Amino acid sequence: MEAPPFSSSCSSSPLSSTARLLSSSSSSSLLFRRNSFSKTHYSAKFKSPRNLSVRASGDSVVTLLDYGAGNVRSVRNAIRYLGFDIKDVQTPEDILKADRLVFPGVGAFAAAMDVLNKNGMAEALCSYIEKDRPFLGICLGLQLLFESSEENGPVNGLGLIPGVVGRFDSSNGFRVPHIGWNALHIKNNSEILDDIGNRHVYFVHSYRAMPSDDNKEWISSTCNYGDNFIASIRRGNVHAVQFHPEKSGDVGLSILRRFLYPKSTTTKKLTEGKASKLAKRVIACLDVRANDKGDLVVTKGDQYDVREHTEENEVRNLGKPVELAGQYYIDGADEVSFLNITGFRDFPLGDLPMLQVLRYTSENVFVPLTVGGGIRDFTDANGRHYTSLEVASEYFRSGADKISIGSDAVYAAEEYLRTGVKTGKTSLEQISRVYGNQAVVVSIDPRRVYLKNPNDVEFKAVKLKNPGPNGEEYAWYQCTVNGGREGRPIGAYELAKAVEELGAGEILLNCIDCDGQGKGFDIDLIKLISDAVSIPVIASSGAGAVEHFTEVFTKTNASAALAAGIFHRKEVPVQSVKEHLLQEGIEVRI
């Protein structure tokens, strides 16, 4: 039996004083010099076997409410992939005239509501939904339908659904943000979820709405993460999901297709899965840099040395970034991470090739994309100052879902530990304030410093599973900057704790000593950090066999494991890792 259509009054009261307008840098792309690189130079020649595309008729249009924050390029690409053209909302009237409206909310609740209210779109959005018009809200696009949010608040929402959006409780041992592939508990008449077959979908959020007697008629699915929270709602033609269908692979494309083609008789149900809880993630990392000819290539180093040990001493070339990313998507990687190790340190926003890699990758890769390298404040040769928020905004608009900060985070943490003051001006604070901490990853690159006695240093030391070269039983992990070339007076433990307080939502934990060695992850380091923080930790550096992934997931609290060289050289395929983890009783997305 179909649920009744919406019938509610819309809250249009002014926001609290804590609401902030989105930075102007996130509402429009910056202007750059014309790119001299052709699309064919980067685009991949692959076709995913997960292709669910069915072309729509020429007059089929989706109206997209993009209020100017975060990565909506992937939503655009997914809609186009499924055969629809896109019309962007320019005025409130565009909302009211829409045949089908998609609202991919990204960022912070208060900032989004401020934009909607200032532009007169909140009232139009409520009117559209109350008339039971086809609507799909994504992530924040679901949360804004509720009465209010505690994020930077309380802040009033649209008031269509009873309830308050609150933060996950990390005191019960669950990591916040909730990042990764989780299972849904689907209720009857969910419609757009009818074909997903107990498969995982991708979540990335710190706030959620909870079921209650007042809103139970709206709920079409829930998800368990500490508590059962609302994963999706449906009433009549109105749908909204807390997860990201555009980042949920073939499952997500199926959900979008059901929304766009509600009367289609050609919908094919996906293979039944066994999703039951949050899965461990397997991430493919692509170290990208320009070779000596100026072409972007995927490379891989041994302890951060990426050149071949030959007479020519050329940069190690393991493939083209867009093509490799596409192949890893087909192979089942849960995320793809690009690390720009060239850095473009003088002018990060002049890094047009890397921006193009993101744009073209996101056309066919429907899992999360992370990019790191060069995201910081800088001043160009003409004296024009750019904030790290402006830099990050351009990467988000080009297709990145998360940005990774390395050296700049080390400097920020050192200053914070020295003064105890959060200035609000660091890259971590700026970006997480606008886009949410779930969009900010901090990459930590430490080296072991061996000790005879743990009290010899002021930093946190650990007892080692394997003694050092001179029989040392302890080590502390010294953080580095500038690609591992410079050590800093701060430990990995101290850095991790500080960046969590400054706004990081996830930690990518490397170990220079293990990089490229293929002998396994540094379990001592990963256990130290994953036990110290309440945000997710990605284990990196050292994987050489499928057993290494099992070890890191069973012996530490890592949420994900990342590898590069073994995937690039096809020594250990992504699918082999997942099959082994399943055999060992570790839940992964299949």
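Cβ from N, Cα, C; glycine included.
What TrEMBL lists as active site, for GATase activity is Cys139, His244, Glu246. Annotation comment: TrEMBL describes Asp287, Asp445 as active site. Annotated L-glutamine binding site per TrEMBL: Cys139, in sequence order. Look at TrEMBL and you will find Gly374, Asn510 tagged as substrate binding site. What TrEMBL lists as domain 'Glutamine amidotransferase' is 64-260.
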Residue from Cys139, Asp287, Gly374, Asn510 whose C-alpha is spatially nearest that of Glu246 (active site, for GATase activity), among the recorded positions: Cys139
Cβ neighbours within the same chain of Asp445 (active site) - under 8 Å, at least six residues apart: Gly406, Cys479, Thr480, Val481, Gly483, Gly484, Asn510, Ile512
CB contacts for Asp287 (active site) [other CB atoms within 10 A, all chains]: 24
Separation of alpha carbons, Cys139 (active site, for GATase activity) and Asp287 (active site) (Å): 30
C-beta crowding around Glu246 (active site, for GATase activity), within 10 angstroms: 30
Integer average pLDDT (0 to 100) for the domain 'Glutamine amidotransferase' (64-260): 94
Separation of alpha carbons, His244 (active site, for GATase activity) and Gly374 (substrate binding site) (Å): 27
Cα-Cα distance linking His244 (active site, for GATase activity) and Cys139 (active site, for GATase activity), given in Å to the nearest integer: 7
Number of Cβ atoms other than its own within 10 Å, given for His244 (active site, for GATase activity): 25
Surrounding CB atoms that lie within 10 Å of the CB of Asn510 (substrate binding site), all protein chains: 27
